[in-house]
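Asks: Heads up, here are the entries from TrEMBL:
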- 1-74: domain 'C2' (DOMAIN)
- 85-201: domain 'C2' (DOMAIN)
- 271-428: domain 'Ras-GAP' (DOMAIN)
Amino acid sequence: MKVDNEPIIRTATVWKTLCPFWGEEYQVRMPPTFHAVAFYVMDEDALSRDDVIGKVCLTRDTLASHPKGFSGWAHLTEVNPDEEVQGEIHLRLEVVPGPRVRWLRCSVLEARDLAPKDRNGASDPFVRVRYKGRTQETSIVKKSCYPRWNETFEFELGEGATEELCVEAWDWDLVSRNDFLGKVVFNVQRLGAAQQEEGWFRLQPDQSRSHQRDEGNLGSLHLEVRLRDETVLPSACYQPLVQLLCQEVKLGNQGPGQLIPLIEETTSAECRQDVATNLLKLFLGQGLAKDFLDLLFQLELGRTSEANTLFRSNSLASKSMESFLKVAGMRYLHGVLGPIIDRVFEEKKYVELDPSKVEVKDVGCSGLHRPQTEAEVLEQSAQTLRGHLGALLGELCRSVRACPAVVRATFRQLFQRVRERFPSAQHE
């Protein structure tokens, strides 16, 4: 995933398939001035550069037109290098009167956030200014995506000039052809009326270089994307609410108050996870996460008549517990189970317990091969699976001291509350 061509996220690799499933979810902070989000589907190569299969690009306007989020299949389109541009260029344009003719003066000052085109993670940019068939170029700035030139070029203006001034940024290459970095085009007639214009101008792709693409031939990508604007006020504005919430949680031992149940009742199912996450972060910062969750446990247990249905609904308690474990326990989970899961993937042992899907392969050595029976494959798969699960459970049992103290305390409190609500032996 890239924001304005700046890579920020890479998913896991799904091997040997044309129909991959990721099921991964990310929350990304976007710069206020972002223009587009692009999702690139890559083919990973161990020995060379990854190949680009295609991309899906969603503009800011597209995301804003779907307030509840964009969801669905989008066709992958071919990636054209001349469209992979980013960054801005600082220019000053002037129409200078002369004794007999007017002059168009273009000052190329600097650029920022240019696309890195070289293996060193940068570019060797220069600028080419074109007007009425005449071309002038700046010097080359080596290994920079934030170059400074401060060079000025002049072009003679005829009467009633209608031609366009084109300013192009390029990455210089010694051996191969130069790479296009983007361009800006100006209407000289409009500029003549204004006499002077200066500012940062966003580099645009060269549509004339784009070739016709057949959407759909490269496959499709299923996405769910939601753009959410958050306005953050100074912390002092939130203090009355923070104090009110903390006061209710501190009194939770006397039974649930009114504020938290009211928040749960008035929160829609769509935004309950967001509310739970924000409340959980607030109380973690105040050192009251355990007390907040205990209050929710009491609410959940108070309306539950069957022990088997505990935490089965999309209640505020369920969502808050999910957020709590992600925030407080994710590093612990990765540290304990990560090495085992990595080893499972590295071993690449065949495991299949469904008889209808078993693949029977040849076994043996020294040229003496015989096909495995279905029963042998199932038994070998079961042994492999038991080995993996045994290793996972063993590591979990040995990891008590590594489990964060706040997680252990929270579960201990939950255990006591459940035992008080369902004390009979059948629920032990």
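Quick reminder: no glycine exception, Cβ is built from N, Cα and C everywhere.
Just so you know, TrEMBL annotations never went through curation; they're auto-generated.
The shown structure was predicted, so the numbers you read here are calculated from the model rather than taken from an experiment.
I'm curious about the neighbourhood of these features; can you describe it?
Replies: Taking H, G and I as helix, E and B as strand and the rest as coil, DSSP gives the domain 'C2' (85-201) the counts 7 helix, 65 strand, 45 coil.
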Asks: Could you give me three numbers for the domain 'C2' (1-74), the DSSP helix, strand and coil residue counts?
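Replies: When I sort the residues of the domain 'C2' (1-74) into the three classes, I find 5 helix, 26 strand, 43 coil.
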Asks: Express the predicted model's confidence over the domain 'C2' (1-74) as a mean pLDDT, rounded to an integer.
Replies: 84
